[in-house]
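Q: Pulled the feature table from TrEMBL, pasting it below:
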- 246-268: compositional bias 'Basic and acidic residues' (COMPBIAS)
- 59-187: domain 'TFIID subunit TAF5 NTD2' (DOMAIN)
- 240-293: region 'Disordered' (REGION)
- 344-377: repeat 'WD' (REPEAT)
- 413-445: repeat 'WD' (REPEAT)
- 455-496: repeat 'WD' (REPEAT)
- 497-538: repeat 'WD' (REPEAT)
- 539-580: repeat 'WD' (REPEAT)
- 581-622: repeat 'WD' (REPEAT)
Amino acid sequence: MDEEQVVKFVETYLKKKGFKQAELAFHEEVQKNSSANSIKIHSDPDLSNLILSLSKSGDDPAQYHEEYGKLRTWTFNSLDLYKHELLRVLYPVFIHCYMDLVAKGHIQDARAFFNTFREDHEMLHARDLQKLEGVLSPSHIQEMEFAHTLRQSKVNIKMCEYSNELLMQHLRKTKSTTVLGIVNERINFQVSPGQPGLISDDAEVVTLIGTSQDAANKINKKEVHWGLLEDTLEDRLEKAGGLQSDTEKPEGDTKDGEIDDNKKRLAEGGKQGTSVKKSKKDKPAGGSAKARAETIVVPAAPRVKPELPLPVMPAEVEQSILEDLRNRVQLSSTSLPSVSMYTFINTHNSLNCSSISNDGSLVAGGFSDSSLKVWDMAKLGQQASSSTPQAEIDASVEHIQGPNGSKRSYTLLQGHSGPVYSATFSPLGDFILSSSADTTVRLWSTKLNANLVCYKGHNYPVWDVQFSPFGHYFASASHDRTARIWSMDRIQPLRIMAGHLSDVDCVQWHANCNYIATGSSDKTVRLWDVQSGECVRIFIGHRSMILSLAMSPDGRYMASGDEDGTIMMWDLSSGRCVSPLMGHNSCVWTLAFSCEGSLMASGSADSTVKLWDVTSSTKGTTKTDEGKTGNTASKLRSLKTLPTKSTPVYSLKFSRRNLLFAAGVLSKNV
């Protein structure tokens, strides 16, 4: 191989890769150097072969298949100590091999390559593979958001120094120049000295789409004031000595109305309510006393001032809430809640969402025909026949409606021009917000049964909307990759939170109203300051899109549920995952904390409600520093699984008295 060939090959390679500055510098260097000072390429056969292979790399589609196959075999046969780190390289290399083939027009070879090796990545990246399967031409890479983002950003992979050295030695030894080019161009290795990382760290070692770990760490150093607001109703009641558990009350204090109410609610809960009641009876009395003693040990949440001007609560509403707080049932791992399950039937697969008011008296459903329907449980109970369980809601019985609308089993609210994807009741139950594919959010009055305001601002479908804990303000999440904060009295958003790299699928308010959390299809959760609009936390660890969020009542913890059925508990102050909760085998659609924060309920597409002991998973973090939070995962436990017959659970809500309401749609396909 003579020098002219070498120069030609190097220039061709640099031009093909788009390295214009390097090409100019190389061209100047060639002109300056005389033949006497040039490198004798022909005397180094290895270098000669490498340059020759680089110049030809990419021309042969079979090279991608062959080199990736070699890397795959070598990785699976490597030492167990380093295997889990080396396996991390396979998925990004697989993706870019496929897209390189598509970009060069080798569509058939790309499909063959994809189908040959996709099985290796189905378990962890099924959703991404479905999107990638749609990339079938070079134009798709530019037009499709997912593919374009992958091509424009590098993959961040954590790896120890020795694993990195082993990988590079293998690629050079096997002359895998195509894969080597992809590794150099598409992967950013975060190499650390010492021993390989733990296999348990794999949830956050690969960030395919999203903020780099360094940027996330920088954001997570910002201060978060996660405490509760000053002078809350709970504080006032506690100072007055009125906040006590139901077990501490004298037996004679229970009102007849409460007994009847509890009986009615237990009847709604069906078998589930019965089993919970039985489990509480079987537990020794000393257990609940011990549980109460443990909850008292947890330090009180710090107090903060509101950043938003909050609405004044009417005196009669305060009295009603105080009454609920006085009669609240104290829950623990030995005292589980009663559950009232509302089931929609005959919906013909058109129900998209459901919502339950704070006291469980109203239930709303959003439908694909753009309608919003609201059921009053008291009226439904009067109209239902004795053979029909009160918890079952027939969403199609429009024939019951009379001329004046008085006998209709639900209130029909029409105004949207697209499917309704989310609905939420105000804290007092006098308003409902709904979001739709028509890009709008609408405010409805439950007293007037009318649409009051239509909020326009999003450019694409709005997936979720949530009232703040104090009402007046609400947050929305959209396909346009933004979340927005609104107030009821303004038709324009107050804040726009932009930063997610894909749909914002769910949104949740912090207990003190100073922050909102957003979950996205980019597999991250972000925490935003409502006053500044800045992102103050990025939570990385989920392997699929986030579908549900919940904040603990003390404001310290957040739970997030994803499409794979995984729930993660996060410490807001440190930004770390306290503990993953594994148990569901399908999408987690809804999460809810009990009023005192000792339990959490999760509802899933697998037709179950699960109750989790939050105290056991977070107790260790209150006594240890951040560096020891990993030990708490072993303490976590699922307290009870409440299966439905065949009803995927859409929404959960704890009442102020700690009764758990659930809603879902009867499905014959489950």
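Residue positions begin at 1 at the first shown residue.
Including glycine, each Cβ sits where the backbone N, Cα and C put it.
Quick caveat, the model's predicted, so the values are computed rather than measured.
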Q: For the repeat 'WD' (581-622), what does DSSP give as the number of helix, strand and coil residues?
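A: Computed counts for the repeat 'WD' (581-622) are 9 helix, 19 strand, 14 coil.
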Q: DSSP on the repeat 'WD' (344-377): how many residues come out helix, how many strand, how many coil?
A: 1 helix, 20 strand, 13 coil
Q: Return the average pLDDT for the repeat 'WD' (413-445) as a whole number.
A: 95
Q: Going along the chain, which residues at least six beyond the ends of the repeat 'WD' (344-377) come within the CB cut-off of under 8 Å?
A: 265, 324, 390, 392-397, 409-425, 427-429, 432, 434, 436, 438, 444, 446, 449, 650-653, 655-656, 659, 661, 663-666
Q: Can you break down the repeat 'WD' (539-580) into helix, strand and coil residue counts using DSSP?
A: 0 helix, 24 strand, 18 coil
